[in-house]
Amino acid sequence: GCEWDDETNEFKGYAQYSYNGEDFISFDLQTEQWIAAKQQAVRIKQKWDQDRADIAGRKFVLTQTCREWLKKYLSYGRSSLMRTERPSVSLLQKTPSSPVSCHATGFYPDRAALFWRKDGEELYEDVDLGEILPNHDGTFQMRVDLNLSSVPAEDWRRYDCVFQLSGVDEDIVTKLDKTRTNTEKPADSTFIIIIIAVAVLVVIIAAVVGFKVYRKRNVSAQRSSSSSASTDGSELSEELNPKP
């Protein structure tokens, strides 16, 4: 294998083998010799050190071929490896007595930090930080909970949630506000929902009343038509069969 530092341009090639999870034998590019890490590898070292053709080929692969391949693959994947995506951050609270959860989702890469602050100072007590989890689209999500059971409502404005992403200088800061949590709905939205519900109820009632009126009129018309037909039938019968 090989490693390359694109900032210092330092390159390092290596070849090493392990056995049962422990180092067994490795190749030293500087001395062009094998190094036995275990006594059992000494005989193998002596044999491989004598194969100068293999050593020359191995050195070329580790110093030239691997370097070219590594740079080529990095150029292919740079747009993906070096990309950054900022998340959407929201505040969630199941019940008024539950902790407030600051949830960030859709960020990339996974080198990120999420924490609560009070008056600009990071909090370490009454805080529960969750793990970074993957999303189905290759991005990530994480959350951090804050217990506010002993904090008066008027002091909520002193808290904020901060998200930091590696490679991005600007932090995402979300002020703690009851109206921004899912347990507190803005008054305007509640009023609109009530109006819509009342309007729908009125339409349903009107439809039911209209249907009943229509049905009642239809039944009356049928009865009137039936009565008229019966009268006409009686008159016709009397004309055809006059009484003596």
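Every residue, even glycine, has its Cβ placed from backbone N, Cα and C.
Pulled from TrEMBL:
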- 221-234: compositional bias 'Low complexity' (COMPBIAS)
- 87-174: domain 'Ig-like' (DOMAIN)
- 221-244: region 'Disordered' (REGION)
- 191-214: transmembrane segment (TRANSMEM)
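DSSP states for the domain 'Ig-like' (87-174), grouped as helix (H, G, I), strand (E, B) and coil, give 6 helix, 45 strand, 37 coil. Here the domain 'Ig-like' (87-174) returns a mean pLDDT of 94 for the predicted model.
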